[in-house]
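Note sheet for the following structure.
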Amino acid sequence: MVRYVPRFADGQKVKLAWPLAVFRLNHIFWPLDPSTGKWGRYLDKVLAVAMSLVFMQHNDAELRYLRFEASNRNLDAFLTGMPTYLILVEAQFRSLHILLHFEKLQKFLEIFYANIYIDPRKEPEMFRKVDGKMIINRLVSAMYGAVISLYLIAPVFSIINQSKDFLYSMIFPFDSDPLYIFVPLLLTNVWVGIVIDTMMFGETNLLCELIVHLNGSYMLLKRDLQLAIEKILVARDRPHMAKQLKVLITKTLRKNVALNQFGQQLEAQYTVRVFIMFAFAAGLLCALSFKAYTNPMANYIYAIWFGAKTVELLSLGQIGSDLAFTTDSLSTMYYLTHWEQILQYSTNPSENLRLLKLINLAIEMNSKPFYVTGLKYFRVSLQAGLKILQASFSYFTFLTSMQRRQMSN
């Protein structure tokens, strides 16, 4: 059972950054390699079903805890279990969508790494520029790694202190104290934690990488067009200048259309999961900020988690805005092809007319910027990230006012 190995068009393996190398080991969110045999695929499905059942069990146990604390009107204890429950439900929705589109994801990634991913061997400068935009996301991945590490240390202290505490706030509908029941449940805690944590930083890293490399491909398209136009102007082959520019723009448009089509595939692949991610973000940030605010020393895990989620949203939003800016400038790119100079020097009136019609078509085709969206409701942009933070702050002030009211009573 081998997970999909990204490769360039020539078959060479792509060297993945460490967050994606870790994410590739996630048996729920990373597809299988096409070479995987029948029994390997069967085993993978069994693991996926087992993981889904464990998710459901954790959902039930954590929800029981939340209901118990809500009935006791214990806001602080209630919000202790809320972040892990929200991220668990989010993971359930996202994993379900992934499992229903597993084969499509593998084919999509195959297209990306073969055609869109910027090859550092051919374009080292552009690759460094694009890869530099991923540094913040890798820092976020390290912060998420710190969060799950702190959660996973808990079993060690549990053994030392001879207490039977689970990693998350849970109440089971049966007696979980016997060792033969407690240990398997604790191991499922660890399994869930690793799968969800790698999902949190891994899928966001993958989405950011898809967007920045698509953006970089558009930038290469613009650079290559400008360099080719300069050659036409320098050569000044007057009878053929208009035709040369027309052929160049036609070739560029074909690449442009291919990139646009990949953008639509990216939208189709991620629109549901982006919606789920953004829909849960405000509530999650609210709960995390409240716990970090009420007792920062005791709840440092929540503070780190809050910081990671905030930076993740802003970084993803900025990357989405960069792509929108680049695609919005494509119409200007075609307008600034020095067609006035070409027409001035050209001695072929019929080709001049065809050239003008083609430029008008190119401008019209690229009249709107491209955004990755969440079911057309959320846009992956910096503005959307700031709005989510604003909403979470509003919820946070509401919770703090509730806490003050409880304390006064």
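Glycine is no exception: its Cβ is also placed from the backbone N, Cα and C atoms.
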HIS27 vs GLN106, membrane side identical per Swiss-Prot: yes
86-106, 380-400 - the range that Swiss-Prot marks as transmembrane segment: 380-400
Proximity verdict for the transmembrane segment (178-198) and the transmembrane segment (36-56), three or more C-beta pairs under 8 Å: yes
Cβ pairs under 8 Å between the transmembrane segment (140-160) and the transmembrane segment (36-56), at least three: no
Residues from the same chain, set at least six apart from the ends of the transmembrane segment (65-85), whose C-beta lies under 8 A from its own: 59, 168-171, 283-284, 287-288, 290-291, 294, 302, 305, 399, 402-403, 406
For the topological domain 'Cytoplasmic' (199-273), the mean pLDDT of the predicted model: 95
Tally of residues which DSSP labels helix, strand or coil - the topological domain 'Cytoplasmic' (1-35): 6 helix, 4 strand, 25 coil
DSSP-assigned states of the topological domain 'Extracellular' (161-177) in counts, ordered helix, strand, coil: 0 helix, 0 strand, 17 coil
